[in-house]
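Noted in TrEMBL for the protein shown:
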DOMAIN    C:234-263  domain '4Fe-4S ferredoxin-type'
DOMAIN    C:282-316  domain '4Fe-4S ferredoxin-type'
DOMAIN    C:585-614  domain '4Fe-4S ferredoxin-type'
DOMAIN    C:624-653  domain '4Fe-4S ferredoxin-type'
Amino acid sequence: MTPGKKNLLTYSYYPGCSLHASGREYDISTQALFKALNLGLKEVPDWFCCGATPAHNVDELLSLSLCAKNLSLADQVEGDLAVACAACFSRLKTTQHHLKEDDTKRHQVETAIAGPASLGKPVKHILEILARDFGLARLEESVKKPLLGLKVAAYYGCLLTRPPEVPELDDCEDPSIMEDILRALGAEPVKWSHRMECCGANFTLSRPGVVLKLSNAILTSAQEAKADCIMVACPLCHGNLDIRQESINKYGTPEGSLMGNIFGSDYIPGSEDGARREMPIFYVTQLAALAMGVPTDKLGLESVIVDPRPLLYEKNLL
Amino acid sequence: MNAKAEKIRVASIDPSYYQAVTDAIRTEAVKLLSEEAVVAVVGYLPGRRTGTAVPGLVTTPEQAQQLIFSPACVNNLSLYLTKAKKGVLKKGKVAIIAKGCDLRALAGLMGESQVKKEDIYTIGIACAGVFGADSNRSGGLSEASIARKCRECTVHQPEGTDLLVGTLPELPQLTPLEAEELARLEALSPEERWAFWKEQFAKCIRCLACRQVCPFCYCEQCLCDKNRPQALESSPRPAGNTAWHIVRAMHLAGRCGGCAECERVCPMDIPLNLLNRRMAMELKELYDYEASTVPQEKGPLTRYQEDDDQSFIK
Amino acid sequence: MSRIGVFVCHCGENISRTVDVERVAKEAGEIPGVAYSCDYKYMCSDPGQNLLKKAVAEHNLDGALVAACSPRMHEKTFRKAASAAGLNPYLCEMGNIREHCSWVHEDREEATAKASDIVKFMVERVKKGKSLAPITVPVTKKALIIGGGIAGIQAALDIADAGHQVVMVEREPSIGGHMAQLSETFPTLDCSQCIMTPKMVDVANHPNITLYTYAEIEKVDGYIGNFQVTVRKKARSVDESKCTGCGVCMTKCPKKKIPNDFDQGHGMRTAIYVPFPQAVPNTPVIDRQNCTMFQSGKCGVCQKVCGPGAVDFEQQDTLTVESVGAIVVATGFKLYSIERKPEESAIQGYGEFGYGTIPDIIDGMTFERLASASGPTGGRILRPSDGKEPKQVVFIQCVGSRAREKGISYCSKVCCMYTAKHTMLYHHKVHDGQAYVFYMDARTPGKGYDEFWRRAVEEEEAVYIRGMVSRMYQRGDKIVVMGSDTLVGVQVEIEADLVVMATAVQAQDGADLLAQKLGISYDKYNFYSEAHAKLKPVECATAGIYLAGACQGPKDIPDTVSQASAAAAKVMTLFAKDQLERDPVVAKVNEKYCVGCLACKKVCPYGAVEEREIRDRQGNLVKVVANVNPGVCGGCGTCQATCPSKSVELDGYTDEQIMAMIESL
Amino acid sequence: MHAEKLQHEFEPKIVAFVCTWCTYAGADLAGTSRMQYPANVRVLKFPCTGRIDPVFILRAFQKGADGVLVSGCHPGDCHYMAGNFHARRRFAAFRALLGFVGVDLERLQFSWVSAAEGGKWVEVVTELTEKVRSMGPMKEFKALENEEQWSGALNTPELREAFESIT
């Protein structure tokens, strides 16, 4: 941050584990985007895992306490809490929601974390910050390099808007916030069917067959809608759609069937014509930062599996 | 009234504030009367002794020049539209000066069909507070002399008036003595509270000034005057006194606007507003009801919700 | 000084076993104002009642207390006896020394003391009692029926056939309601219009029925037996007295492409139109929003071609006041739509089904119109988007119903049956087509209903999938329906050509507003509330108003017709007498002391309190007071407990009586 | 056959204000079912709990009741649709007021007893009777009844003399 230059808005920042590991590009591009938009972003000190999807399946109190502790850590940093990962966002919001509703649980959690639970801190997803706090109009004005001609399938996944009473991000079943942002960036959102379907999320290790099946359906749908690429706002979705693409493409082949057998899936997907183009998967922050004119070497484009650079080159965006 | 208040004396409110309010009232009253928009203005006139004020009804622009506003303007004037001067409203539209607390009474009277909104023109006052009963008025309005109700007033700047006059001066943060007293009583055991109120009610001489001054006690026959059947013993004995004050508080529950006139006029210094405040607290907690400066169709005890609290019912 | 007689009953041994009845009688005799007391084996027997009658005469009694069983048992008996002896029945009371004393206490001493106490305070009650006369209310023997669907038609015909005058008010240009839209009806599959239209004609031709169509209720005043109802007849732009129904205007009208609501927007109509060919009355109406004449002032073709000169562009709304004695509310229902709802709405749409943007996802009523021989496709099942015959049709039940997450938790009751019917109609019309049904439970209670449903499943080859649909989207010209089959435990995906949703039955738009005009209550879904769920299913809590059909809750045709006839029977019972007699336990206002704060009006569950202006001889307003309409008052006394000055008093339970009882304890 | 009846030092006076449609009928049912409960209660019948004025409760205490029971129809069961809903708010407020002036609220019980709940009637009456019995007599109001007034706040010889002459 340039000293002396005042930020428009300042946020505390909870990146979450993925953004420090498999989803580093999301972290890098988020930081770059915020800087470009003159938004302050200060990482919460000593944050740790939110428990993601596994914890609350095992121990509710643990999952609530993990998030409650992170929230109280976040209280030390000024500004609403910016969260990039859909799972972290969901868990942190869910925790606030549950603890507000249930005094007994709040009491238990406060005992567990030896301190008050911070229920008042607004937890905001990056999408919300871009579309609402910063505002679509201002976002559009800030664009230096509009993403003209880029057809994007905006993929929400299952956690960003559900259950409706928790994230309060947009219409639970028919949201438009990602499309709105894409339009502001100059890109063309496509109409497609699978934007709200689950990618398989954390079955990625335990039941990869399920992931392959679900992710394949999403990729197929995007392709049928003539999208050039998919935009996501979650590192888990990104992982499944990006990293698994090679396996998915092989899935229809004898090699893939073998894999399917190993993973115990009874379903052999694969596009009907057998030919699948590689579908680049972008984080919302990558596309936004690109449109803001952030140098392309600061977007982490090189570290994803399906290389998006040929596409961007083709569209004159590199 | 209280030793603590004597000690932390704060600077008096700047007299220019009162002058500004007085001027604004006069200007508006003269305008309304000369344009014949109203037939009368109910307001405050200077009392015979300096530093005092009395309620007054003016009907000409000349008389309107006499209207004042000062910390001595303690009375709740809404009373003058119903009981004392019942005929006033029959002659035409009347303007009335109202502090926030008075305005809540006016709103209540409208909700209870006693006053019609279209019959009155409310000149609201951004009110800094008024003198307490028996306070030393020589030094202007200060923490020592301000009425107890004003210390925790939430309607300095009333809403819903036809005209609001005055700009509030900066007001000092005052300790909420009444809320503290309520909390103290709440913390006592039932026996101790009974003892407290027994002593208070024993003082009552049943002069019924509390009733006469209350804007909501507009009944033509008060329950306590009824003798077939006699629900309340009318002679000033402890039993009847206790019943009277309980019934009075119950009848005001959900209606009282908190002007605390009952307490001000009580010659025996019974802290009557504590009862009203306690009921207001209860209704706020149970039904999220607060007396408003805007008329409501129904009060908390004339409406209900199917899921109202019933934790006290077996 | 009162002269009260106290009669203590032994009830065989039921009372005397634990209560010393002689002592109770003796102690009663010592109460001031008691002129006579005795005990007797069976007070309720003939000799017992005669004892009471004789004592009233011999001892010149002005009140009687029978200490015996519960008043719920024999109050009527003894009041009748007292009345026969010339005593006002309301001056005869009962002290309950059996259910509340001898049966629940074993200790003779305690029970006797309690019985004496009961006698004591009840004597005080009798002392302060007043003679009351039953309230009589005149009855106007004319009924108003609001709504001209099958419920309203049935009620109207029943009442009119009984010889009473009926006024029917229908909001639409024609009567017939939803039933006129249906193709065939379950469980018999007879043609709906074939059984409906004759009834519609009967209404139009009945000498006792006055029909107002294209009209709404403006205002309702009065009370049971004596309602004054203001009806707004909307400007039809066609003079009903002149129109012959020839229909030339419609054939000549240049505006021909207006979606017809009767066909759920799928058929087209002209700007001057009747909603359907069998409309009653067969008088067209001009839809002013879509008429070129009204919009631009140029055209007037219909007026030119109309032989009798019935078309009148200048026509205005008119108000008519009707005096009626009873009202039957039969306003029916509307269907839920999956469209996006306003944010503040308690009910949500279905984003997962595309909020109604996919043309080939239709509701059940639209399917009815497609299947109807008189519908926009002439009875062929053709889908809206491209007019092709769908080969795979998915039916989804409980869309909006039983969906707490969407804001509606009730079951719409008719959908299981009509969906089964739809699969049959589809199978009959498209032999090579396949119907799938997603359902939660098949609910088929009704005569012949389950057999009908089984037929759909077993003989008509509908595939029933027990599970919900989670998402639908358009892929090419197909609709992909994603759902679950919970019996097998798998995800299901069907590529459908057409999807038919059984959407929830909801209260009509404006049902709440009509209820407020009528002063009847409604639930959170705006369905009207009956007075008692079991025992008063057609009465409203407001006397003189009755409910028929789906305005009270989802109902099929047989239930609707039954309820309509029941409502008609209630009306006829009311009309059987010239005067209505009511229990005189009602509230009265003391106008001298009432200051008109109207707290009583605010709390009255019956809407029995109204304002009354008191004026002096010159006509100047002195004050406004509350006034209780004894015809409407239910006698709960909530007003009196609320009134600060006790200026309203409930007869039979006056403060004086109650205070006297408390004093004597 | 009956167990030796316990002799109590104090038998409280319990007054019950009940609605005729539910609780009165429930008490009737307790009778027809021959259930047993303490004979301390005196039942006053009202059409509806909506008719029960807080003044009645106050008056009952003043006239020597040691415990008061107010009972009516369960919410939604009111014969008059909404009488008990209004009563519920009224009594919630009145209860708070009595508590604030120092009445021990253990002596004032509210309940919903339906026409089918004879058992509940017995339970409520028994519980209140036993509770009040263990608390002893309601002294406060009785003491007030016996007291004449003179606070001493206005202390003149004439007043003192007058007061002493009447007490």
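For all residues, glycine too, the Cβ spot is worked out from N, Cα and C.
Just so you know, TrEMBL annotations are computer predictions that nobody has curated.
Regional average pLDDT for the domain '4Fe-4S ferredoxin-type' (C:234-263) in the model is 94.
Note on the domain '4Fe-4S ferredoxin-type' (C:585-614): residues 132, 135, 223, 519, 541-543, 621-630, 632-640, 642-645, 647-653 of its chain, located 6 or more positions outside it, place their CB under 8 angstroms from a CB of the stretch. Note: the domain '4Fe-4S ferredoxin-type' (C:234-263) comprises 8 helix, 4 strand, 18 coil (DSSP; helix = H, G, I, strand = E, B). Helix, strand and coil counts from DSSP across the domain '4Fe-4S ferredoxin-type' (C:282-316) read 10 helix, 3 strand, 22 coil. For the domain '4Fe-4S ferredoxin-type' (C:624-653), the number of residues in each DSSP class (helix H, G, I; strand E, B; coil) is 5 helix, 8 strand, 17 coil.
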